């Protein structure tokens, strides 16, 4: 049999063309140190900052320190099974979290894994946890209001969609309650809410989830939790995971409210990681880039331009102060990044003024342009009236002889303080807020005893719901006050019908 050299040559060439190598080339390193959620590995010379690394037991870590001899890695999750000498390999990817509609109504950890026992989450999309914030030309001015349902906020420190409004105060002053009420008030407002619990007790998170479920708010809310018992890398990454989930909706043209409860604990977790990674400590032992930690997070909240869909992320970051000290390092950092702050005071909270908002220290730098016309008209002088009342109240403690004008200011001030009180988990629609504040600023409450103010308010809403619902409807649809004569007549009719008189 003759051997045809050309046939053999063609056969070999075909085999070479069809050859599929079935081996995988990855850069690997060896773990040289493990402990406290931190690992060090040698041999990963080409690792990128923030790259996802995989340990041989299936655990993942993130490259943080790229040094000449080794790489400092923070471990995302349980690190008890990792040992010195284990192999760690590069993945070539940065950390991503699952995003999309399937997450709504679920409780997940910062890696996007469900922790509520309701089964797997079928998501198709992923977003990196670290992405650049929208640029200057990709943004739009804040112009739409975000109604929190709390009179003290919507009237005095209004928040707009796309704003960052810091909520700051000591522990146990009602910070979480303000945020939960704001989430409850988004029902039917076409908003998606994300509640990021950082370093909270698991029992506390469970309570908040049950509150959201009871009021039907879990239908439009995602809860991201990194509890106090979890390793500090998860506490550090949780807010970034939350805002990555929010960005998916924002770039679809939707509006998102995200609550970070609270960033003080994230800063503490980051300080812990930085010290373990041997980074040089600065003021209060925080690393030098702790400002950047929060600025790159909060800058991702924005109202984006119409070209990008016109969506928004509104952020309510929390900072916990010690003994009301708002000049502490982390507090001043976040105040300078955000568009205003709501300061909750312990002495107001303990004296029964809840929400315990200090109108003097609280400010909204951009929310005023988003406030509806009706609210602007009725709440315009409210802050000044409240400030002058506080001043007069302190002054009149030293003497009892007061002229009629001063006495009238004090009486109005006491009623203002009462009106701004609100029961827990009972946010008010904006039209009801406008009517009661109109009644207050136009003197209709001046002859109502202070102790009866809250009962008067409830009765007024019920009366208007039955007899003057068209006035509520006018405010709701036009965003402006109805005819003042009609509003005056309605309130007078209610006062004649009721018996709230001093």
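In case you wondered, yes, glycine gets a Cβ from its N, Cα and C as well.
Swiss-Prot lists 169, 170, 171, 172, 173, 174, 175, 176 with the feature ATP binding site, giving sequence analysis as the kind of evidence. There are 20 other Cβ atoms within 10 Å of the Cβ belonging to residue 174 (ATP binding site).
Residues or ranges marked as site 'Required for activity' in Swiss-Prot (evidence: sequence analysis): 362. Around residue 362 (site 'Required for activity'), a 10 Å sphere centred on its CB holds 22 further CB atoms from the protein chains shown.
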Alpha-carbon spacing, residue 170 (ATP binding site) to residue 362 (site 'Required for activity'), which is rounded to whole Å: 15
Least surrounded among the binding-site residues, given as 172, 173, 176, when other CB atoms within 10 Å are counted: 172
In the chain carrying residue 175 (ATP binding site), residues 6 or more apart in sequence that have Cβ under 8 angstroms from it: 167, 168, 169, 261, 262, 318, 320, 344
Rounded Cα-Cα span from residue 362 (site 'Required for activity') to residue 173 (ATP binding site), Å: 15
Between residue 362 (site 'Required for activity') and residue 174 (ATP binding site): CA-CA distance (Å): 15
Residue 172 (ATP binding site) versus residue 362 (site 'Required for activity') - Cα distance in angstrom: 18
